[in-house]
Amino acid sequence: MAKTVAYFYDPDVGNFHYGAGHPMKPHRLALTHSLVLHYGLYKKMIVFKPYQASQHDMCRFHSEDYIDFLQRVSPNNMQGFTKSLNAFNVGDDCPVFPGLFEFCSRYTGASLQGATQLNNKICDIAINWAGGLHHAKKFEASGFCYVNDIVIGILELLKYHPRVLYIDIDIHHGDGVQEAFYLTDRVMTVSFHKYGNYFFPGTGDMYEVGAESGRYYALNVPLRDGIDDQSYKHLFQPVINQVVDYYQPTCIVLQCGADSLGRDRLGCFNLSIRGHGECVEYVKSFNIPLLVLGGGGYTVRNVARCWTYETSLLVDEAISEELPYSEYFEYFAPDFTLHPDVSTRIENQNSRQYLDQIRQTIFENLKMLNHAPSVQIHDVPSDLLSYDRTDEPDPEERGSEENYSRPEAANEFYDGDHDNDKESDVEI
């Protein structure tokens, strides 16, 4: 039976700019959306211009002082916020840039609306590639993330769902989400990530398992450099299969950070786009309501390829290896294909013995769980969102390609030999 897929895209979200030289480039979202349009994948989905989250929405997880600061600070007045900038960890990795709060509002609102639509059974799968900012903490920004849209979306899902499973395939540990739900059995967090050698954020070893009611409901899969498709699959599928069997989630949130691909500007894994997509396809195969989010990914042309390919998997539509012509076509030179070779010469340091040891430890921890913990569900409060449905595009107009204004900042999108941001400084 075909799944109903809701797709959330704000035409302005790709216009925000963290600053010259910063590896996080929201413009990758415009590039992804362009491919989704030109491949015709929008025809297989319900396309929404998303709700914009309010301060109240963000304060469901974050502190009021922190969100008030994000709303007030700007490049023009930040000199008056020196104490707050330090207190809230806003500065180098998480800079103040024009429209910062608006950017947070747009990506968070889309995740929130996706959760609400899943709750109301409007869709089976909700996609927000702008979301997935998993490092943000209750009181501070972290790792290019300001507002944790994932936590806020999960809190919305918990109104209707007794158990939510969170899966994270970003190369970085999903520390902000784990921390938020560390003491509860209502959410199980599973993160596959690079661990060791002071790799950011430095958390996520196998022995972080949760505490109090949440003991054994945080599951970490610490990986070493150079993991390839075969090794990743050897762990991912059996672990997720066992987790779903033991935990019996009624909804899944999947963070699809694309920095786990080979040749990522900040990564050190060796996954292909197909290998990354295989994880998405496997999670989809459980036929459990699914919220799909973006995350990291810093070689932008490959991020767009990856998330477009994964959109095609989610709507069960085979798409051509040759990329369709679009306004961004030249960014995919020289091959102009969906699945270029992204492998590197980084050695796979994940031996079969090491992977089997991780798997064994995880399976032993899973045996400590109560099968499918039961929770008392109280009266469901009204939906967080009361967005105006007139904002939804007319289905008859979804096929038209809007002429969005897409200003590009200098150095925003170079991705090759002349990249002033040194985007290609990856060992090949």
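Glycine is treated like the rest: Cβ placed from N, Cα and C.
Swiss-Prot names D170, H172 for binding Zn(2+). Of D92, D259, D264, the residue it gives for the same site is D259.
Per Swiss-Prot, 1D-myo-inositol 1,4,5,6-tetrakisphosphate is bound by H17, G21, K25; the candidate from R265, R274, R305, R345 named for the same site is R265. Confidence in the region 'Histone deacetylase' (3-316), given as mean pLDDT, stands at 98. Between the C-alpha atoms of H172 (Zn(2+) binding site) and H135 (active site), the distance comes to 9 Å.
Residue environment of H172 (Zn(2+) binding site) contains 28 other Cβ atoms, counted within 10 Å of its Cβ in all protein chains.
The number of other Cβ atoms within 10 Å of the Cβ belonging to R265 (1D-myo-inositol 1,4,5,6-tetrakisphosphate binding site), over all protein chains shown, comes to 22. For D170 (Zn(2+) binding site), the number of other Cβ atoms no farther than 10 Å from its own Cβ, over all displayed protein chains, is 26. When the binding-site residues G21, K25, R265 are compared by Cα distance to D170 (Zn(2+) binding site), the shortest distance belongs to R265.
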